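To start, the structure under review is shown below, and the notes come after it.
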């Protein structure tokens, strides 16, 4: 299929129209974007990855990245408090084994909890939706949850937003997280959790 095909022009046309609207009504657009993103994140509605791609396509890597990190952190924080109020029965039903595993891992890392949470946020070890809901259930303090979320989501947000700049060339969501990207994320996550590992090693020695 050539570049002149009408099918390939549709996404570019939609993106151009959205870009014009975002430029002419920037405050309204950003307010609406943030509201939708936070709502989706709060109530575990799939599709936030497309919102992140959209931010990259419309606002570029820097502005789009800041917007995504802000809204993702706000949405995750909102989900944290909703789960703290009413989430225990739901998460115990949805992920009983995963919750027990998470609780045991948190208990082992009380002194270096921020490093471990950063590792989880940076790497795809556990789904972010699960982390958002389970964190208050396993008594992770909100300030640690917030800091780990704000910092830990930056690498993945950068990758997604950058991909949004080349939205027309993206053939599949799998291209966002190829093997090279996953290795990089795990390396960053390993650096984050390294102090915990080294401390435990010294204790056993």
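Residue numbering: from 1, along the chain as shown.
The backbone N, Cα and C atoms fix where each Cβ goes, and this holds for glycine too.
The annotation transmembrane segment is assigned in TrEMBL to 30-59, 65-83, 140-161, 182-198. Annotation source TrEMBL lists domain 'VTT' at 45-165.
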**Message:** Within the domain 'VTT' (45-165), count helix residues (DSSP H, G, I), strand residues (E, B) and coil residues, in that order.
**Reply:** 102 helix, 0 strand, 19 coil
**Integer average pLDDT (0 to 100) for the domain 'VTT' (45-165)** = 93
